[in-house]
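According to TrEMBL, the protein carries these features:
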type     : residues  : note
TRANSMEM : A:20-36   : transmembrane segment
TRANSMEM : A:48-70   : transmembrane segment
TRANSMEM : A:77-95   : transmembrane segment
TRANSMEM : A:101-127 : transmembrane segment
TRANSMEM : A:134-155 : transmembrane segment
TRANSMEM : A:197-215 : transmembrane segment
TRANSMEM : A:282-309 : transmembrane segment
TRANSMEM : A:321-338 : transmembrane segment
Amino acid sequence: MEKSMKINFRLNKTLKSNIITYGIVIAAYIIVQLLVNAGQVSNLMKGLLVPICIYTIMAISLNLTVGILGELSLGHAGFMCVGAFSSALFSISMLDAIPNAGIRFFFAILIGAFFAALAGIVVGIPVLRLRGDYLAIVTLAFGEIIKNVISVVYIGKDASGLHFSTKNAMALNMAKEGTVIINGAQGITGTPKNSTFTIGVILILITLVIVLNLIHSRSGRAIMSVRDNRIAAESIGINITKYKLMAFTISAALAGVAGVLYSHNLSALTATQKNFGYNQSIMILVFVVLGGIGNIRGSMIAAVLLTLLPELLRGLNTYRMLIYAIILIVMMIFNWSPKLIDLRKRYFHKNRAEKERA
Amino acid sequence: MKKSMKKLLSLAMAIALAASLTACGSGKTSETTAAGEKAASGESSGAAASGEGSFKIGGIGPITGSTAIYGQAVMRGAELAIEEINADGGINGAQIVYNFQDDENDTEKAVNAYNTLKDWGMQMLVGTVTSAPCIAVGAESSNDNIFQLTPSGSAVDCAKFENQFRVCFSDPNQGAASAQYIGENKLATKVAIIYDSSDVYSSGIHDKFLSEAANQGIEIVSDEAFTADNNTNFSVQLQKAQDSGAELVFLPIYYSQAALILAQAKQMGYEPQFFGCDGLDGLLTVENFDTSLAENVMLLTPFAADAKDELTQKFVTTFKEKYGETPNQFAADGYDAVYAIKAAAEKAAITADMDASAICDALKTSMTEISVNGLTGENMKWSKDGEPDKAPKAVKIVNGVYTAM
C-alpha cells in the first residue's frame with residue numbers, strides 16, 4: 001500500500017515538472033500570439049521570435065549532452081551548420097519538384113536532422129569510447145572543420161542533375177541554364193523563408209518531448225548513471241558507448257533541426273565564424289551553464305533572455321557588447337558563486353521556516 | 001512547499017518573458033528618442049532637424065567585430081554627406097535624420113538591425129555594408145518595399161530585387177574589368193592569382209576573372225587560394241607563382257593580406273607586377289608597412305584619397321578634420337550613396353510625409369533617370385537592375401602615392 005503510494009507520488013512529481021515546462025512554452029506562445037494580433041509587438045521583436053526558437057532548441061539539445069550525458073561539446077554550432085546547409089540545399093533543389101512549402105519544409109527538417117545525426121555518429125563513435133575531455137577537443141575541431149569544408153564546396157544544378165566541385169564554380173561544368181546552389185564561401189542564397197514562430201514553437205515542444213521522455217526513460221537513467229559513476233554503471237552491465245552515443249546523436253540531430261530553422265529564416269546563408277563558429281558554440285554553452293547544467297527549463301529561459309538582451313541593448317550603441325559582457329559575468333556570479341548560493345539558500349530557508357511556523 | 005515555490009518561480013518567469021515582449025512592443029517611442037539622441041551626438045542631423053518633416057535614412061553595417069573598419073567608414077562617410085546636405089537646406093527642404101545600426105557582419109544581426117530601423121520609422125536604407133548581410137536584408141526590404149541603396153555590398157545578389165541599388169561595382173564586374181584591363185593594355189600574358197577562398201568578395205572577383213581571362217588571351221599559370229584561418233604565410237602560393245613563370249600576380253584581396261604578400265615576395269626576391277582591385281585601397285595606410293614595397297602596384301579603384309579634383313580634396317579634408325583619419329573607398333561609397341538618394345529624391349519630388357513604400361516606388365524609377373557626380377565616379381547612372389554605370393579607374397602606386405594611369 002505504502003509502496004504504491006510512493007511510486008505514484010514520484011511519478012506525479014516528474015509529470016508535474018514536465019507539465020510546467022510544456023506550460024511555459026505554450027503560455028509564452030499564446031501570449032505572444034495575442035500580442036502580435038493586437039499589434040503590440042515591434043518589428044524587431046517579430047524578427048526575433050524565430051531566432052529565440054532556434055536558440056532554445058540549441059540550448060535544450062546541448063543540455064542533453066552537457067547536463068545529462070556529462071560530456072562537454074564545444075562544437076555544437078557545427079551540427080547546426082550541417083543541418084542548415086543540408087536542408088537549405090534540399091529546399092532549393094526541390095523548389096520546383098515539391099511546390100507545397102509545408103511538405104517541403106517538413107522533409108527539409110527531417111533531412112537536416114538526419115545529416116546532423118550522421119555527423120554526430122561519425123564524431124561520436126571513436127571519441128565516446130575514450131575517457132576524459134576528448135569529446136570537447138574533437139567537437140571543437142569538428143565545428144571549425146565543417147565550417148571550412150562548406151566554404152570550399154560548390155554544388156550546382158542543371159537538367160542532368162547535381163554537380164559537385166571543391167575548386168570553383170566554373171569547375172562544375174554545368175549546362176548554360178544551370179544554377180549554382182552552394183557557391184563556396186558565398187554560401188547559399190535564396191532559401192525560401194519557411195520558418196515561422198508557430199513551427200518554431202512546435203519544434204521546441206517536439207524537442208522537449210524527446211529530451212524529457214529520454215531523461216525519464218530506462219535509457220535516460222542508464223545515461224545518467226554513466227555520467228555519475230562510470231565504473232558502477234559498467235559493473236552492472238550497462239553498455240557505456242551505446243548509451244553515450246545515443247544521447248550524443250539525439251543531441252546532434254536536434255541541433256540539426258535548429259539549423260534547419262536558421263537557414264530557412266534568412267535568405268543568405270554563409271558559414272562564417274559569426275554564425276557557426278567557435279563563438280556561437282560557446283554562446284550556446286553559456287545558455288546551458290547559466291540556465292543550469294542538466295536543468296532543461298532553466299537553459300530554455302537563459303536562451304530566451306540572452307538572445308533578447310543584445311537586441312534590447314541596441315539603444316546603447318557600441319557600448320552594448322560591453323554591457324552585455326558585464327551582465328553575463330554578473331549573472332554567472334549570481335548563479336554559481338558559492339557565497340551567493342549560500343546567501344540565497346539562507347534567505348529561502350528562512351522563508352520556508354517562517355511559512356512552516358505559520 | 002518546494003513544489004509551490006518552483007511553480008511560483010516558473011510563473012514569474014513566464015510573466016517576465018511576456019512583460020519583456022510587451023515592453024518592447026510599446027517601447028517604440030523610447031527607441032525613437034534614443035535614435036534621435038544618437039543622431040544628435042553624432043552631429044549628423046542639423047540643429048533644425050525634428051521628428052516632423054524630416055527624412056529618416058537608416059544605415060546598417062558592422063561597427064564592431066573584425067570588419068568594423070568598413071562599417072565605420074561607411075557610417076562616417078554617410079554622416080558627413082548628411083551633415084552637408086542638412087546645412088544646405090536638406091532634401092526638398094526637409095532635413096535628414098540618420099540612424100546607423102550595427103550588424104557585426106552577421107546575417108541574423110543584420111535582419112535584427114533592419115527591424116530596429118523599421119520600428120524607428122526608416123524611409124530609406126543606406127546599407128548594408130557587407131555582402132551576405134545585404135542579401136539577407138534585401139529579402140526583407142523587398143518584401144516591405146523599402147528603398148535600399150547599398151554603398152559597398154558587391155556580391156551579385158545584393159542588387160537582386162527591384163528596390164535594391166548599389167554604389168560600388170559588383171564583384172563579377174571588377175573581375176571582368178580587371179581581366180579586360182590587363183588584356184587590353186597587354187600588361188601580361190601569364191598571370192598567377194592568389195585569393196581568399198573563404199571570402200565572398202575575393203572569390204566572387206576570382207571566378208569572373210577566370211572566365212573573362214580566357215577571352216582576353218590571358219593564361220592563368222597558377223591559381224592558389226588561402227582562407228581566413230591561414231592568412232599570414234603566403235610563401236607556398238608565391239613560390240608556385242614564381243615557379244610557373246607568372247609575369248603578373250593578380251590579388252583580388254583586401255589590403256591587410258596584400259601587405260604581407262608584398263613583403264614576403266620581396267624577401268623571396270620575386271618581383272612580378274602586382275595587380276589588385278578596390279580591396280587593395282588602404283595599402284599605404286597599413287601601420288609599419290614599408291610603402292616602398294608597394295611601388296608599382298596597380299589597382300582598380302573607384303576612389304583615391306589623394307586625387308586632385310576639388311570634390312575629393314574637400315571630402316578628404318573634412319573627413320580628416322572630423323575623424324582624424326584618411327577616408328578609404330568605403331567612406332566614399334557611403335558619401336556617394338547619400339548624394340545619390342538626394343538626387344533621386346529631388347528628381348521624384350518626394351516629401352517627408354510619404355510612407356516608405358510610396359517613396360520606394362518613386363525612387364525606383366527616378367534612380368534610373370539621375371546622373372551623379374560623386375567621389376567614386378563622374379556621371380554615375382543606374383540601370384533598372386540596380387547596377388551603377390561608371391568607369392573603373394586604374395591607378396599605379398608611384399613614389400608612395402596613387403598616380404592615375
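Positions of Cβ are set from backbone N, Cα and C atoms, glycine also.
Note that the structure is a prediction, hence the values are computed from the model and not measured.
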**Report entry** Proximity verdict for the transmembrane segment (A:282-309) and the transmembrane segment (A:101-127), three or more C-beta pairs under 8 Å
**Finding:** no
Query raised in the report: Does the chain bring the transmembrane segment (A:20-36) near the transmembrane segment (A:197-215), so that three or more CB pairs sit under 8 Å (pairs 6 or more apart in sequence)?
Result: yes
Query raised in the report: Hey, which of A:48-70, A:101-127, A:134-155, A:197-215 has the most Cβ-Cβ pairs under 8 Å against the transmembrane segment (A:77-95)?
Result: A:101-127
Report task. Test the contact criterion for the transmembrane segment (A:48-70) and the transmembrane segment (A:197-215): 3 or more CB pairs under 8 Å, pairs 6 or more apart in sequence, then answer yes or no. Result -> yes
